[in-house]
């Protein structure tokens, strides 16, 4: 339990550090390089738009997850004997809890499930967007072509060798390391998003009330119950679902 509590403190710090490093690399290295290459920086403007779009949605949905954390129903002597979920990490009874998210330090339930899914979606897109921008930055500085998929595998040992020989700057080495981190985090967030969408379509326990007949509810109703009818607006900007 002590290790879980420690992980619950370290995981949000890891996310915030990853966000800060990604923001710094994009703002001070990738964007200036794109704007300098073209007299009409159309690619730089497009890159800036996606960068701001993903940044706002990732941060906005992250705080909405915490803000709309499932309300506690109170702790009593029969807490673990009741039908309600009991989170040992938060040490509280939860209404319609689905799981505990260490990266946000809170539980995920019906009240913040939409924000959690959208957070995973935008975090995955943001990582792959940063990956593409980073590949362009490194291919320009290293004079490497990524047309061969094996180049991505050879990049790390080549960069380590050049870094310790003194021919590679620390900022460039950081960009190389972040490429692999963005790739891994992007895949993980995308897998979380797909997994949650699959669970929602199959009607998880935390979404179904005792009076509802599961056989009369299709996957469209399941999605609507979580994302609402204006689901497209939720993808464009972070917001809570209207009642």
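Each residue, glycine too, has its Cβ placed from N, Cα and C.
Among the residue ranges 70-92, 93-115, 116-138, the one that TrEMBL annotates as transmembrane segment is 116-138. Outside the transmembrane segment (45-67), and at least 6 residues removed from its termini, the chain residues within Cβ reach (under 8 Å) are 15, 19, 23, 26, 30-31, 34, 101, 104-106, 108, 112, 115-116, 118-119, 122-123, 125-126, 129, 133, 237-240.
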